[in-house]
Amino acid sequence: MKTSKTASESGINLEIIFAGRSNVGKSSLLKELFGAKVRVGKRPGVTLRPTHAQVSDLLITDMPGFGFMSGVKERKQDIVKDKTVHYIEDNAGRIKIAVLVIDGPAFPEIVDRWDSRDQIPIDVEMFDFLREIGIDTIVAANKMDKVKENESDPLLNEVAIRLGLEPPWQNWKHIIAPISAKKGDLKTLKGLLRDRLHEMKRDDLFKYI
C-alpha cells in the first residue's frame, strides 16, 4: 500500500481521520487496526503534518499528535494545532468519520487539571470542534487494559461527563469505544467504523478495517 505525505487525491470520495494527543497510542492503534492491509506511515521523529494512505476511494489520514510534544517548542505545537484545524475545515466535505483517540484512564484527570486553570483541554476542544462542523466523531478510549473490570463503567461515565455527554456512558456507545491497542482489543472501534460505512452503503470497504 502506497503512502505519502501528500497522498494522491484522485478519486477520493471519503476520508477517515485519526486525531489525538501525541502520547495516547494513536500509532499503535493504526498499526493494529489496519496492519498490513493499509500502511499508514509513521515517519521517524515527531510527525508535524498529516500522513495518508489511500485504498479504493477512501483516504485514511493520521493527523499529527497535538498538545505537548517532547522536544518541540510550544509555538510549534500551536502551529501544529492550527494546521490540524485548517486541514479539517478545508476537507470537511469529504471527511466522513473522525476517530479521536484519548488515554481513557488518564482522561478525566487531564481534563480536570486543565479546568482548574480555566482552560479548555485540547481533546475536549477538538471533540466539540469536529461535531460543530458536522463530522461524525468516534472517541476511542485507549489503554483500557489498565483499568480493572469493575472500574471500567465508572471511568467511562467520567469520560462521558468530561466530553459533555450525560452519563451513563452506555447511552453513547455509538460514540465512545473502549479499546486497548496494545492488547489488540479494537472490537468496539471496528464495529462502530463498520456501522458507519454500512450506513454509507460502503460495505465494500470492510475488508480494509
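Cβ coordinates are placed from backbone N, Cα and C, and glycine is handled just like the others.
Among the features that Swiss-Prot reports, GTP binding site is placed at 20-27, 45-49, 62-65, 142-145, 179-181, with the record citing sequence analysis. In three-state terms derived from DSSP, Lys143 (GTP binding site) belongs to neither a helical nor a strand segment and is classed as coil.
Swiss-Prot lists Ser27, Thr47 with the feature Mg(2+) binding site. Ser27 (Mg(2+) binding site): 20 other CB atoms within 10 A of its CB, across all protein chains.
As annotated by Swiss-Prot, domain 'EngB-type G' applies to 12-203.
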**Study point:** Ser27 (Mg(2+) binding site) and Pro64 (GTP binding site), Cα-Cα, nearest whole angstrom
**Key:** 10
Check your understanding: Looking at the binding-site residues Lys26, Arg49, Lys143, which one has the fewest other Cβ atoms within 10 Å of its own Cβ?
Key -> Arg49
Check your understanding: Far apart in sequence but close in space: which same-chain residues, 6 or more away, have a Cβ under 8 Å from Gly20 (GTP binding site)?
Key -> Lys26, Met63, Gly65, Phe66, Leu100, Val101, Ile102, Asp123, Ala140
Exercise for review: Find, among the binding-site residues listed as Asn23, Pro64, Ile179, the one whose Cβ has the highest number of other Cβ atoms within 10 Å in the structure shown.
Suggested key: Ile179
